[in-house]
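This is the feature table in Swiss-Prot:
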type: BINDING; residues: Thr62, Asn83; note: substrate binding site
type: BINDING; residues: Ser124, Ser125, Thr210, His273; note: pyridoxal 5'-phosphate binding site
type: MOD_RES; residues: Lys274; note: N6-(pyridoxal phosphate)lysine
Amino acid sequence: MSLHHVKTNKYKGFYDSYASPPATKEISKYSLKEESNKPEVIRDLIIDELLLDGNAKQNLATFCQTDLDKEIHVLMDKCIDKNMIDKDEYPQTAEIESRCVHILADLWNSPESSETIGCSTTGSSEAAMLGGMALKWRWRENRKKQGKPFDKPNIVTGPVQICWHKFALYFDIELREVPMEHDRYIMTPEEAIKRCDENTIGVIPTLGVTFTLQYEDVKGISEALDKFEKETGLDIPIHVDAASGGFVAPFLQPEIVWDFRLPRVKSINGSGHKFGLSPLGVGWVVWRGKNDIHKDLVFDVNYLGGNMPTFSLNFSRPGGQIVCQYYNFLRHGRSGYTAVHQACLDHGIFISKQVKKHGIFDIVYDGTGALPGACWKLKKDAKVKFNLFDLSDRMRNRGWQIASYTLPNLPDIVVQRVLIRHGFSHDMAMLLIEDFNRSIEYFDKHPMVQSISKDEGQSFHH
């Protein structure tokens, strides 16, 4: 037998992420240490930590898009170093943004979409605030011309997303929010008009209320404001918060008149990263015309040797989400968006029907006529051994994230809501219902001694 002499230790070059520092000791989480580390080790440690987040596929609480084409990942990688604000440095990205604005203007029935003004934002919240700022500046200018005081502006809304509360606080505006009632969960034309006066800068109906998924009656509110103007002479504009519905109604409910077909609608905001199917970080706001934005709010930047007007609250921000929005417009078209959202709507209807079969739930929203999803509450006389917070908590054992929360102004009413987005199949809906049924059976066999309180179990509903 031959003898071989080993000159070096063959294990000397051994390397493994989990057998090397810092994986073999506690890492510094809250202060920056002196030493550096191998990138692949840190990457693996962070990926492991992210596994503790919920499974996006089973997150039926969020409105944000979580199922993305592989092509979107490629485009996002190509745009990772593009700063959207540098329109002179990235002129083609700026051109793509402009195309998206005109596509949306056309989708939302702007009378002259080629002349429409609008912009991208970091999300629908920023877009909503820009729309609100334009309303305030327009109202203030008119009050100055009339020689009237302009120190007490107000907006009239239904049960709105938190961004409108922030807008009112940050920009010193009174928020007149129509409260929910036991027999009414959204703003009606009658309730809106009750709160309007000469200091109202605008009425803000929501196309897809976050709490119940329902659409508010934009056309009815517009007609009520027309009548109000004839009686009082007050011309009050409408800004539509279409964060979710703006990318659903044009495809699934084209018969609903809510957009620029109504002359009183001066601006609309929408979220590209919700039902626009784009990755997180893109919103849109479109105005009916240039006169609906006060000139003092607009800044000019150099663009292709000329000037481009800009209006935003942010400065540096990534361009990838805008490019991906353009990709989605080209990739899906009207027929694609219709097919995708119709499938989601059908799943929501299926879920609401299955939930109703238990006989212990009142269906607040059955999945028809508005956003894809469903919403329900326990019947007042339901003889059950759990509350909806308990049910949500039990469903988490199987990975499902379902929002349960009390309604604003109605702390005695707890609702549970599922929001259906692209990437959710009928098989997933059936699995959800199977786990839902098993959870209720579990509580029948194992009654809750101490139910989860609303403070402990309140879910994020936006």
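Even glycines carry a Cβ here, placed using N, Cα and C.
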Please name which of the recorded positions listed here, Thr210, His273, Lys274, is nearest in space to Asn83 (substrate binding site), Cα against Cα.
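For Asn83 (substrate binding site), the spatially nearest of the recorded positions is His273.
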Tell me which of the recorded positions His273, Lys274 sits in the most Cβ-dense spot, judged by other Cβ atoms within 10 Å.
Lys274
Using DSSP, would you call Ser125 (pyridoxal 5'-phosphate binding site) helix, strand or coil?
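It is helical.
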Do you know offhand how many angstrom separate the residue listed as 'N6-(pyridoxal phosphate)lysine' and Ser124 (pyridoxal 5'-phosphate binding site) by C-alpha?
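Rounded to a whole number, the Cα-Cα distance is 9 Å.
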Which residues in the same chain, at least 6 apart in sequence, have a Cβ under 8 Å from the Cβ of Ser124 (pyridoxal 5'-phosphate binding site)?
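In sequence order, Cys163, Asp241, Ala243, Asn269, Gly270, Ser271, Lys274, Gly283, Trp284 meet the Cβ cut-off.
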Whole-number Å distance between the CA of Thr62 (substrate binding site) and the CA of Thr210 (pyridoxal 5'-phosphate binding site)?
10
Work out the three-state DSSP category of Asn83 (substrate binding site).
strand
Given the binding-site residues Asn83, Ser125, and counting only Cβ atoms in the protein chains shown, which has the most within 10 Å of its Cβ?
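Neighbour-count leader: Ser125.
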Out of Thr62, Thr210, give me whichever of these binding-site residues has the highest number of other Cβ atoms within 10 Å.
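Counting every other Cβ within 10 Å of each candidate, the maximum falls on Thr210.
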For a quick check of understanding: given the listed pyridoxal 5'-phosphate-binding residues Ser124, Ser125, Thr210, His273, what is the maximum Cα-Cα distance in angstrom, as an integer?
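The widest Cα-Cα gap among those binding residues is 15 Å.
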